[in-house]
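Feature annotation from Swiss-Prot assigns active site, proton donor/acceptor to 102, 200. Feature annotation from Swiss-Prot assigns active site, schiff-base intermediate with acetaldehyde to 166.
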């Protein structure tokens, strides 16, 4: 198997296969669940809006893949600084049956100089998740832009108890980039938290070559056995089709407009 195919198979099993569109329907989410069960292995998770969790849970169970995790989003996509709302949404997501919650960090507050609200929001959302539900925190790297802010946001999230730090919502002009990924992975390394904290690039990872580049970077910074499904995810939709093409199990074309 070529190096690219090896990377493609590895990436597929690390995917949070995502649909977060305003026009999502039960039918689209059911199809997403079907797609997550691929001929060469399952994606790690699906990522959907909270209202679709019950239909997704039912579909995954009925198709014999209850182990595919269900991730959802809160405080999404704007990352407002109202802690009560973020916590209430997170509690509701857990009550719906989410296995993982991707919450948006109040990045505009950090840009304005307020570090405390982000810390408090993440800490309280993690408390709402408890030990069983993973909390991934989206810092919106493409809006923070500066290395100092990206590293500070990553540090705050980790100190407040985040299980993962995630680049982007996919709803702003600039999402995951290798440059931003490196900054965040270096924070995980430098804080000595690689055992407990994972990383998720999201938006803009569209091809097997992209995934290979991101995984090689993780291997370089945190070691070749670090990037398993507890420590690494790709947030993507169109990536799956490209990975399956690379692995020669489909000839579908990816949607060029997809996340």
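Any Cβ shown, glycine's included, is placed from N, Cα and C.
Rounded to the nearest whole angstrom, the C-alpha distance between residue 200 (active site, proton donor/acceptor) and residue 166 (active site, schiff-base intermediate with acetaldehyde) is 4. Looking at residue 166 (active site, schiff-base intermediate with acetaldehyde) and residue 102 (active site, proton donor/acceptor), their Cα atoms lie 8 Å from each other. The number of other CB atoms found within 10 A of the CB of residue 166 (active site, schiff-base intermediate with acetaldehyde), across every protein chain shown, is 28. Neighbours of residue 200 (active site, proton donor/acceptor), defined as other CB atoms within 10 A of its CB across all chains, total 27. For residue 102 (active site, proton donor/acceptor), applying a Cβ distance below 8 Å and a minimum sequence separation of six or more within one chain yields 47, 71, 72, 73, 74, 76, 136, 137, 138, 166, 200, 235. Reduced to three states, the DSSP call for residue 200 (active site, proton donor/acceptor) is strand.
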